[in-house]
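Asks: Structure provided below as C-alpha cells; questions to follow.
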Amino acid sequence: MMKLIWGGAELAMPECVLSSVLFMAYHYISLLYTVFSTSSLNAVSGPTKRRHEVIVAYHGAVATDDRRCSRIGMKVLQEGGHAVDASAASALCLGAVSPASSGLGGGAFMLLRLSSGKAQAFNMRETAPLKASKNMYAGNATLKGEGALSIAVPGELAVLYKAWKQHGRLPWKRLVRPAERLAHLGFKISPFLHNQMAGDICRNEKLAHTLKKISKFGPVALYNSSIGFKLVRDVQKVGGILTMKDLQSYKVKLKEPISANILGRKLLVMPPPSGGPPMILMLNILAQYAIPSCVSGPLGLHREIEALKHVFAVRMNLGDPDFVHVSKVLSDMLSPKFAKELKKQIFDNMTFDPSHYGGRWNQIHEHGTSHLSIVDRERNAVAMTTTVNSYFGSLILSPSTGIVLNNEMADFSIPTNVSADIPPPAPANFICPGKRPLSAMSPTIVLKLIPNVVSYENWTAVSGDRFEVPADIRAALRKKGHVLQSLSGGTACQFIVQDVGTLKKNGGIGKLLAVSDPRKGEFPAGY
C-alpha cells in the first residue's frame, strides 16, 4: 500500500479503489487483476476453496473479513434465511469479534437488490448530536478525532432491524444469538485485531448482556430503554454530549440507489453522503481511455492517481443532502460528459499542485471499515459497509454496555485557519445537529458482467501482510512529480460474483464465487 501526499492532504491509494464491492469490480479501477479461466470455475458438487480466501458455491454465499461471521451468515442462509437475515447475523458477529472496525456503536451503508430487480439503499450513517455545533472544536481540533466529543449518534442497529422487518424470514432472536454467544463464551483474537494477542480468548460479558436485551426487545433496547440510558450516562461521564434525545430521534434513511451505466455495466451505489457518486465519477473518467491497457502499468497508475485527485476535489462539494444543496455537484459527478472534461486535464508526463484540480476545499482524512457481501438462494443480494471510523473509533468503550463508540465526528469539516498552502475547509460538510458527515464508503452492486473476469489482486502480491508497489513504478511516479509514502493497512474488499455463463446449465442458478480479502487472513463461506 502507498500513500500519496498531495497539497498537504493524504490520499490513500489502495490497490482496489472501491471500498467494497458486491458481485464484481470494474477492472479499470484495480491496479492488478486476475482472470479466472473457465476451468477454475468448473462445476462442483459443493463449495471448494482456493487458498481459503475463495469459495465456489451454488445456493448462497457470505463474504466477510472474519471466517466465523461468514459461517454464521451461511448457516442463516441454509436455514432458509433471506440475505437480509444473514447480513444482520454477520454484522452483529463482526461487531462482537472485531470491535476495532464495526459494531453497535457505529454506522453503515447497506445496498439491497431483491431477486425481483427492486433495489433499496439503507443509510445508517451516524449523525451529529443535537448539542453539536460548527465551532465546537475551536481551539482544540484534536477532540474531533478521539475522545467523548468525537462520538456521533450510532445507527447500525437501527437499520439492521428495519431491513429485517421488511424482508427477514427467521426470528430476530435467532439472528442475534450467535453474536451474543461469542461475546459471552469468548472468542479467539484475530491477528488483525491484535497481533501480539492473537489466539488469546476475549470475552465481553457486558456486550453479551446488551445483545441479549436487543434479541428480546429489538433496537428499542438501545434507542429508548435501559441500554441506551446506560450508554448515554457512560459517554457523559467522560465529557461527551450524547443524550437520550439523540438516540430517540435517530432515523434510518431509506432511499433509491443511484444507478449508472458504464461500458455496458450497470452499477448501483449509495446516494450522498456516501462515496458512491465519487466512485461513479472516477469510473467515468477512466472509461474515457476505453482500452484496459491504458490504465495499467506505471502510466496507468499515474492516470488513476490524477483521476482520483480530480474526484477528491469535486467530492468536497458534497454533503448531507438533507442539509445542503447537492443537486448540481451530484449531476456533474454522474455525467460522462463532465468526466470527459476532467480527463482532458490529465497529463501523462506530470502532476500538478491542488489548484490545477479545482479543489477549493481541504480534504478530510479517511479511515478503515469492515464490509460484507451476501447472496442467497433466490439471488437476493446485500452489500453492506460498516464502521466505527478509526481503529477502535473514539477509543472509548462504554463499561456498562460493552459497546465501542465511533469517532465519526472526525469526518466532518471544521472552520480552521487558512494559509497560502492550506485550502479552506469544505462548508458543505460543516457540523450541524442531526447532520450526517461525508463518507468514502461505497457498497456497490454491479450488473451485466463479463463472465469469469474478476477484478482482484494477483494472489502472490497480497499473500503477505502488505501490498508492495514495485520499485520501478514508484520511481516512475516520483519522476512525474508525485510524493509517496508507505502506508500500512488500507481498505478491505469482499466480493461475490455470479458466473452468468452457468445460468442455463443449472436451471437459472449461476455459480457463486466468493472472495474475502486475504490481507486479513480470513475467508468466506457458501453452500
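Using N, Cα and C of the backbone, Cβ positions are placed for all residues, glycine too.
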Asks: Write down the one residue from ARG71, ARG113, ARG125, ARG169 that TrEMBL lists together with THR387, VAL388, ASN389, ASP411 as binding L-glutamate.
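Replies: That L-glutamate site, as TrEMBL gives it, pairs THR387, VAL388, ASN389, ASP411 with ARG125.
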Asks: In the structure shown, with every protein chain counted, which of the recorded positions THR369, ASN389 has the densest set of Cβ atoms within 10 angstroms of its Cβ?
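Replies: Of THR369, ASN389, the one with the most crowded Cβ is ASN389.
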Asks: Sort out the sequence-distant neighbours of ARG125 (L-glutamate binding site) for me: same chain, 6+ apart, CB within less than 8 Å of its CB, listed by position.
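Replies: Residues satisfying the criterion: GLY107, ALA108, PHE109, GLY155, LYS253, PRO273, SER274, GLU408, ARG436, PRO437, SER439.
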Asks: Write down the Cα-Cα distance for THR387 (L-glutamate binding site) and THR369 (active site, nucleophile), rounded and given in Å.
Replies: 5
Asks: Mind giving me a neighbour count for VAL388 (L-glutamate binding site)? Other Cβ atoms within 10 Å of its Cβ, every protein chain shown.
Replies: 33
Asks: In Å, how long is the longest CA to CA span across ARG125, THR387, VAL388, ASN389, ASP411, which the record gives as the L-glutamate binders?
Replies: 12
